[in-house]
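According to TrEMBL, the feature transmembrane segment maps to 15-33, 40-57, 114-131, 143-164, 170-189, 210-228, 248-271. According to TrEMBL, the feature domain 'TLC' maps to 63-276.
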Amino acid sequence: MAMGSGFNQETKTGAFFMATLLIWVFSVLWEILINKRKELFPIVLGFIFYQSANWVIPKLLRNCDPLFVNTCVSLLHSSTTSASVLFILVNQSMISNGVNVNQMFEHSQLVEHTWPWAFTALCFSCGYFAYDQLDMLLNRLYSGWIPSILLHHFLLLICFTLALYRNVTINYLILTLICELHSVFLHLRKVRRMAGFRDCNGSIFVKAEWVLNWTSFVLARVVSHILITVKLIRDASKFDKGGVELPLALFGMAGMNLLNTFLGIDLLKAYRREMNPQRSRQNHHD
């Protein structure tokens, strides 16, 4: 009876997130087709690109497991987004001729202006999150009454899309995507384990992977998000009074920092388990 109740609750949860996704799709298509916002079309291209990858990967790797395919596409997204963010930042610093690089991170630059390619990159990522949300819903790649991954994508789609509609805080959001550098190693580890390479505590590759995993977690995720939060608080008086940008940004960063904490705890558990496989098996048998 309890299992049936839990299944029904998960079904209701899936229906809720599917409904919100369809509303989001209708909103985006309305903006593009009715309001003639052609600059938003990369959202559609992003969705098509990652959905196409979802169809191609099983044929290339001869593995049709939905979770494995989803993780491979996530690895593709984190790699593509990381490269895009680095390109945008380097390109902007070159445009500034290295003289006024600090001006890149002034309040007006982060809120009111948009670096070259930043808008397109954010649109493309929006397309990915829409694809990923749909893929997880269709293949039930989630669990629990309030799945954190579905909630995470739901909030990101709201924040990113509102920013794109209003064309504000685009550069701020690009900076938050620096965390995708860490996601590369996060997804790489998951793909490796799903491919069957689990107890590899003696492998130089796995040790190097963990070094990069922890380094990128601290620098690209924890430190970068804390610095963005501090920047928002310091520049709070510079935001328009009564506007939604500051509350939405602070709420989003609070959520990201909280998720980073939970992720760090999970990473530490995984690290201990992978570096001490015999102890993990012993504890499991006990």
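Cβ coordinates are placed from backbone N, Cα and C, and glycine is handled just like the others.
Remote same-chain partners of the transmembrane segment (114-131), defined as residues 6 or more beyond its termini with a Cβ less than 8 Å from a stretch Cβ, comprise 21, 24-25, 39-51, 54, 73, 77, 80-81, 84-85, 87-89, 91-92, 95, 104, 153, 156-157, 160-161, 163-164, 167, 170-171, 173-174, 177.
As a quick check, the transmembrane segment (15-33) and the transmembrane segment (210-228) miss the bar of 3 or more Cβ pairs under 8 A, pairs 6 or more apart, so the two do not touch. Mean pLDDT, taken over the domain 'TLC' (63-276), works out to 90 on the 0 to 100 scale. Comparing 40-57, 143-164, 210-228 for CB pairs under 8 angstroms to the transmembrane segment (170-189), the maximum falls on 210-228. Beyond the transmembrane segment (143-164), the same-chain residues lying 6 or more positions past its ends with a Cβ under 8 Å from any Cβ of the stretch are 6, 9-10, 13, 17, 20-21, 24, 27-28, 40, 43, 119, 122-123, 125-126, 129-130, 132-133, 136-137, 170, 173, 244, 248, 252, 255, 259, 262. A Cβ distance under 8 Å defines the sequence-distant neighbours of the transmembrane segment (40-57), meaning residues of its chain 6+ beyond its ends; these are 28, 31-32, 63, 69-70, 72-73, 76-77, 120, 123-128, 130-132, 135, 164.
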